[in-house]
Amino acid sequence: MRSNGCGDLREQNIDQQVQLCGWVDRRRDHGGVIFIDLRDRSGTVQITVDPDLGADAFTVAEHLRSETVLQVEGKVRARPGESLNDKLATGAVEVLASGITVLNSVKGNLPFPVSVHDEENTREELRLRHRYLDLRRKRMNDNLRLRAQTIQAARRFLEDAGFIEVETPVLTRSTPEGARDYLLPSRVCGGEWFALPQSPQLFKQLLMVGGIERYYQMARCFRDEDLRADRQPEFTQLDIEMSFMDQEQILELNESLICAIWKTVKGIELPRPFPRITWHDAMEHYGTDRPDTRYGMELTNVSDIVKDMGFKVFSGAVKAGGAVKCIAVPGGNDAVSNVRIKPGGDVFSEAQKAGAGGLAFIRVRDGGEIDTIGAIKDNLSDEQRQELLSRTGAEPGTLLLFGAGDTATVNKALDRVRQYLAKELGMVKADRDNDQWNFLWVVDFPMFEFNGDENRYEALHHPFCAPNAEDLGGDASKWSETLPGARAQAYDLVLNGLELGGGSLRIHDSTLQRQVLQTVGLTLEEAQEQFGFLMDALDVGAPPHGGLAFGVDRMVMLLAGEESIRDTIAFPKTQQARCLMTSAPGGVADKQLEELHVASTWVEPDQED
């Protein structure tokens, strides 16, 4: 049906007879000669239709609409000098049509134009509703190809390294892993339920017990959680697990994997080794465990300097066990006005969204003089002022922004303000123009965090992470005391402020695993009920093992320079977890529910009393 791709034609094809198939991208009538931009997945080429050289083809071309599907026969020739188009890969040639066959026409009006010239002007809701049409756009086509290239590069590397791809079950049982499960009622086993996997975590550990040693999978995962631009209810993760490797070996192997992917997809040699930072230092200096290190403005703790100030906002926060931290914004005096920092201003609002009551500020002038509100200036001694300037490295023109309160809120607020100002002040490029790849390993996470509302410990990652042996100690009788304060042998890979993947060494001893499950609030009976199969497996000679999982959708989003993972998935859901194209989720017949032994209690909001 076709001999060449539209985007493959070059000067070496001149004088060749070709058959092309594709869609009409644009049609232009230049007074007697019609030009058609014909598009397929390989690109676009100009078709010239001259009535003197192809009367039948011209008759067809007169009535063509955008997105009509064509087969074109003709001869490749050089474009005249005045019509050369260096913006097109095929811009040096055109095809003189001798025949045009309409393979399918467009019925009715298109919901939106597909041409690259119009693709920025369509609402996302409309694009998702007609995704099959949206996929014809070059940008979407390129993203899906980049996704395939990324997955192929990962598979090639892992298989060369001795890993084998193993599929794990999609229908499994519900276990407490953090997010809500998607549940499926069993028709055969009435009253019992399957859950879709949030990850293959336990199955990949069981594969290690089974002697597989090196496993990977492009795993489909499902989480019923609140969505945002870089989350979907169903997603793909590159899941990796390996036996008889320590943390250092796992990190080195996965660095090599990432470098291989970036080399294949972007043609970039990434510098190695990737920097590392402990979780504690990340929280102290960036306010987050996902630091963006492309720019400065690190958080500086100044609690000891201001703890005795007469300015009660600062001293009161320290006395209450909180902290006072600040970020130094270079050039901030000119770039950030007082109006923006005060209530109602955009910078103030960013801090407020993170729970802060406000922001204090100091403007550094020539000679180390400062401008600020009177309550700070009147209560800041020369010694304190000098110490602040010295510790923050603030030069004239610098704006110091302060957060005061409980440490968690201060960290969260200043992290948000830091990221916001970096974009506002041009410290980072727009996603599509990004050429900085700042990878960072975050290590030494706490095993647990305390949930004050429920008065219990929760696993910071999951309850299968191995604790640091030094923190745990060798006396099993004291594990209940040492575990809550222990560090996990866990690690996250962060790229430009986004978590790209994470993993850990796993517990391979059933006694320790039971103790960890007890620490997060499970009784021994509950642990056996929910995880008895895992404990049984650990008791038959489980090897030391560990692994990591990368978010494929997020990785492709970063490689493609997109702002949302929805633009890297063929058929994504909205932030309300809906598919606008198929209208999923949807209702089902009562008979189907009866077969599943399920009854719906849902009441439409306008029908409630």
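Note that Cβ sites are derived from N, Cα and C of the backbone, with glycine treated the same way.
Feature annotation from Swiss-Prot assigns L-aspartate binding site to GLU177, ARG223, HIS461, ARG506; the stated evidence is sequence analysis. For ARG223 (L-aspartate binding site), the same-chain residues 6+ apart in sequence whose C-beta sits under 8 angstroms from its C-beta are ALA179, ARG180, TYR182, GLN198, PRO233, PHE235.
On its own chain, ARG554 (ATP binding site) has ASP230, LEU498, GLU499, LEU500, ILE565 as residues at least 6 apart in sequence with a Cβ closer than 8 Å to its own Cβ. For ARG223, ASP224, GLU225, GLN232, GLU499, GLY551, VAL552, ASP553, ARG554, the entry in Swiss-Prot reads ATP binding site, with the evidence type sequence analysis.
Mean pLDDT of the predicted structure over the region 'Aspartate' (201-204): 96. Among the features that Swiss-Prot reports, region 'Aspartate' is placed at 201-204, with the record citing sequence analysis.
Per Swiss-Prot, site 'Important for tRNA non-discrimination' is recorded for HIS30, and the stated evidence type is sequence analysis. According to DSSP, HIS30 (site 'Important for tRNA non-discrimination') is assigned to coil rather than to any helix or strand. Within 10 Å of the C-beta of HIS30 (site 'Important for tRNA non-discrimination') there are 8 other C-beta atoms, taking all protein chains into account.
For GLU225 (ATP binding site), the nearest of the recorded positions HIS30, HIS461, ARG506 in terms of C-alpha separation is HIS461. The recorded positions recorded for this entry are HIS30, HIS461, ARG506, and the Cα of HIS461 lies nearest to that of VAL552 (ATP binding site).
Each of the binding-site residues HIS461, ARG506 was scored by the number of other CB atoms within 10 A of its CB, and the lowest score belongs to HIS461.
When the Cα positions of ARG223, ASP224, GLU225, GLN232, GLU499, GLY551, VAL552, ASP553, ARG554 are compared pair by pair, the longest gap among these ATP-binding residues is 19 Å. Using a 10 Å Cβ-Cβ cutoff, VAL552 (ATP binding site) registers 23 neighbours.
Between the CA atoms of ARG506 (L-aspartate binding site) and HIS30 (site 'Important for tRNA non-discrimination') there is a gap of 69 Å. According to DSSP, VAL552 (ATP binding site) sits within a helical segment.
Here the region 'Aspartate' (201-204) has, by DSSP, the following mix of helix, strand and coil residues: 4 helix, 0 strand, 0 coil.
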